[in-house]
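Report on one structure; see the data block that follows.
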Amino acid sequence: RALGCRDGAAATHLKFISLFVIFFTSVIGITTPVLLARYFQGKPVYDKAILIIKCFAAGVILSTSLVHVLPDAFAALSDFQVASRHPWKDFPFAGLVTLIGALLALFVDLTASSHVEHGHKPSGDYLPVGTHDVTVGKKVGNTNSDLSNEELVKLKQRLVSQVLEIGIIFHSVIIGVTMGMSQNQCTIRPLVAALAFHQIFEGMGLGGCIAQAGFRMGTVAYMCLMFSATTPMGILLGMMVFSVTGYDDSSPNALIMEGILGSLSSGILIYMALVDLIAADFFHNKLMGTHTWLKKGSFIALALGSTSMSILAIWA
């Protein structure tokens with residue numbers, strides 16, 4: 001069966017079909033929340049709808065990192081070809097690199113947040129308030145600070161969207177390259193279907209964040225295009241690498257690279273999902289405090305997002 005599966009011509013044919021399928025499903029996934037947000041903008045339901053979409057998205061991203069990316073990274077680095085060599089057999093490197101990814105995301109977050117706050121700090125006396133809604137602090141004796149606080153929240157949301165896109169793109173390239181280098185048509189066929197759904201859900205996650213961040217139209221279009229084109233570009237890159245080098249996707253060096261990059265992107269995505277999406281929305285959002293039903297609805301959306309992505313792990 002294994003020999004029957006390794007058919008280069010059939011695998012290449014499937015990969016070319018997958019380029020178009022994955023690109024179009026990515027476009028559908030990422031543009032849906034953006035277009036819905038534009039349609040609902042200014043209506044009373046707008047903020048609540050965006051919040052529920054973001055919570056669904058957070059579940060998708062958390063599940064992607066814990067159920068899809070991290071187990072694959074661990075599997076790659078614990079493969080007998082890698083695990084029998086130094087230094088890979090001496091230490092759980094997949095866990096270490098995931099930790100580095102999470103700390104790296106925190107470092108980027110802290111650096112960019114402090115830069116944003118110093119650049120947009122309004123004058124006046126401040127009392128520190130540890131919430132996302134009031135990013136720098138509550139202004140004493142002056143109500144003009146509301147606009148500045150709103151601007152800071154918007155800037156923070158833009159930063160979250162950009163760091164999240166970097167994490168997702170990183171992991172999409174790895175998926176694409178791995179698939180592009182594979183010559184096994186039996187694994188590629190179910191992977192195309194699973195990746196199509198994967199891109200729809202992940203695109204909805206990123207699209208929800210982009211919609212809330214209020215970017216200019218050109219920036220939104222660029223971010224949507226980057227997300228949609230990354231996995232197909234990864235597949236083409238993988239195909240080119242294989243055609244030029246005949247590189248075996250199961251060689252120790254390929255497994256090490258896949259394991260390290262997978263662990264790193266997993267750490268970034270775990271941090272983004274838990275800290276910048278779930279914690280920010282559930283604990284620091286005014287709407288959650290004023291509407292009990294919204295908190296319940298958001299949690300259900302989070303659980304549905306996690307479940308939908310976890311189910312896809314059966315196929316890919």
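Cβ coordinates are placed from backbone N, Cα and C, and glycine is handled just like the others.
Residues or ranges marked as transmembrane segment in TrEMBL: 16-37 (among others). Among residues of the same chain six or more beyond the transmembrane segment (16-37), those with a C-beta under 8 A of the stretch's C-beta atoms are 46, 49-50, 53, 57, 179, 188, 191-192, 195-197, 199-204, 206-208, 210-212, 220, 223-224, 227-229, 231-232, 235-236.
Taken from TrEMBL, the feature transmembrane segment applies to 49-71 (among others).
Per TrEMBL, the feature transmembrane segment maps to 91-112 (among others). Residues 70, 73-74, 76-78, 159, 163, 167, 259-260, 262-268, 270-272, 275-276 of the same chain, all 6+ positions outside the transmembrane segment (91-112), place their C-beta atoms under 8 angstroms from a C-beta of that stretch.
The transmembrane segment feature in TrEMBL is assigned to 163-182 (among others).
Feature annotation from TrEMBL assigns transmembrane segment to 188-208 (among others).
Summarising the annotation, TrEMBL assigns transmembrane segment to 220-242 (among others).
Within the chain carrying the transmembrane segment (254-278), a Cβ under 8 angstroms from the stretch's Cβ atoms is held by residues 54-55, 57-58, 61-62, 64-66, 69-70, 72-74, 76-77, 79, 81-82, 88, 93-106, 109, 160, 163-164, 166-168, 170-171, 174, 178, 181, 209, 247-248, 302, all 6 or more beyond its ends. The transmembrane segment feature in TrEMBL is assigned to 254-278 (among others).
The transmembrane segment feature in TrEMBL is assigned to 299-315 (among others).
Against the transmembrane segment (220-242), the recorded stretches 49-71, 163-182, 188-208, 299-315 differ in Cβ pairs under 8 Å, and the greatest number is found for 163-182. For the transmembrane segment (299-315), the residues of the chain that approach it from at least six positions outside its boundaries are 52-53, 55-60, 62-64, 67-68, 190-191, 193-194, 197-198, 201, 205, 278, 282, judged by C-beta separation under 8 angstroms.
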